[in-house]
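J.: Take this structure first; my questions come after.
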């Protein structure tokens, strides 16, 4: 008997029903609810069982209906598995991390690849790079280094009196810089409280008379939109800024091991110019759309440089722990940038026969955080594993799923079949191929996550590049950049959700600001990729 007077054995029959019906539904039925069928439907929807069933149902339908010809059974099965995983990603039927682990049992079960082969895709040098970067980002967040940096830059750009355009430049510039070194979602989560902390000095419902309230509301929109878009733009500049670039590097080395590898420094040579063009386009767009001649006057009543300096003084002087985290982080950036320099000037990687990757040094430098003392408490190090509980394992597993899917495309022969259907693009000029690939990914990424879009389209474009005989960077880099242009809808990326959840912006604001940025990005990519690609990725000019 339990403490309520009922035996464990007697309650077992109720436990069988518990997963299907919510407590309120069971209570209602006990009181004589005359709509048990409707209640069961509501319970099923609450538990997302239709969405869960949609994955295996789509897989079964593909395997039963799709006919890819004799000898292509594995390719058909791969297409079915892809439908299963894709639906779970899109509908959120199960957590993202769980959906990303599905290839671990689906690929062996459907004969796509062996369990050992698919498991190896979930840990390689690229994923080590992400894991180490997450640990460093958590250290920066734990010691409030990002906040100190933001307040210093904001106090510098605030102006006396307030200059809205310079203040926006400071906020967006700080966000972009931080996002270059940590994942753009983490950057948005860290920087949004800084931005909204400034906005909390403004009256939420508007200012006092003469249109001042409207000016304040418009500037508040600009600040939130600036953080959201600057974090996405900054992530484009470096390999560590977003999972999309990591997936690109991993698939590049998998599909084209004979090609010139994409390193941290080589990608930054391309990504930074793209990011700078987009950043200035963002700043000009925000200034033109959300600032007017009266904005400075409206803001001056609520915001001044003294407020920012007071917040900065509350943080106190920089402690030993903060200095050491910055030293480790700065050392890692130097190692990233100098591992490989040029063909004539080798980097330090040659000392280790070029067997050391970016992930190797990232994990090494992250390990130092668990060794260097913090000098705060006896025996305490800069980091311990309890502080690492916030690591975004869902992103790491999603990356692993992406690499597994890329391998599955190859081993099953599905890429050959898909690329055969796109051979009509052979001979198209560069000025057509680049924007088409970018727009294709740019549309998909508005409805799925950036990483999911990249995972799905890169294998297709890798094989397409082989079939139409163009340099793979032309298609793969274009589609990777397009996947990062999720600027129009809240569902496009977690950063959009963070900004949308503040209540300062609407979908209309996202579309009005994001659409011009998207157009600028496609145009800039079309112009920059051919000349820079010939130097950085070894592309032929004629391709």
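Yeah, the Cβs are placed from backbone N, Cα and C, and that goes for glycine too.
Residues or ranges marked as transmembrane segment by TrEMBL: 49-69, 81-106, 126-145, 165-182, 223-250, 270-291, 312-336, 356-372, 393-410, 519-539.
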J.: Take a look at 126-145, 270-291, 312-336 and tell me which one has the most Cβ pairs under 8 Å to the transmembrane segment (165-182).
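T.: Ranked by Cβ pairs under 8 Å, first place goes to 270-291.
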J.: Any chance you could find the range in 49-69, 126-145, 393-410 with the most Cβ pairs under 8 Å to the transmembrane segment (312-336)?
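T.: Against the transmembrane segment (312-336), the leading stretch is 126-145.
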J.: Suppose I define contact as three or more CB-CB distances under 8 A, residues 6 or more apart in sequence; do the transmembrane segment (270-291) and the transmembrane segment (81-106) meet it?
T.: no
J.: Do at least three C-beta pairs under 8 angstroms join the transmembrane segment (393-410) to the transmembrane segment (519-539), pairs 6 or more apart in sequence?
T.: no
J.: Short question: which residues 6 or more past the ends of the transmembrane segment (81-106) have a Cβ under 8 Å from it?
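T.: Same-chain residues near the transmembrane segment (81-106) but 6 or more away: 48, 51-52, 54-56, 58-59, 61-62, 112, 115, 118-119, 122, 393-394, 397-398, 400-401, 404-405, 408, 447-449, 452, 456.
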J.: Which residues of the same chain, at least 6 past either end of the transmembrane segment (126-145), have a Cβ under 8 Å from a Cβ in it?
T.: 181-183, 186, 190, 239-240, 243, 246-247, 249-250, 253, 315, 319, 321-322, 325-326, 328-329, 332, 357-360, 362-363, 365-366, 369, 382-383, 387-388, 390-392, 395-396, 399-400, 403
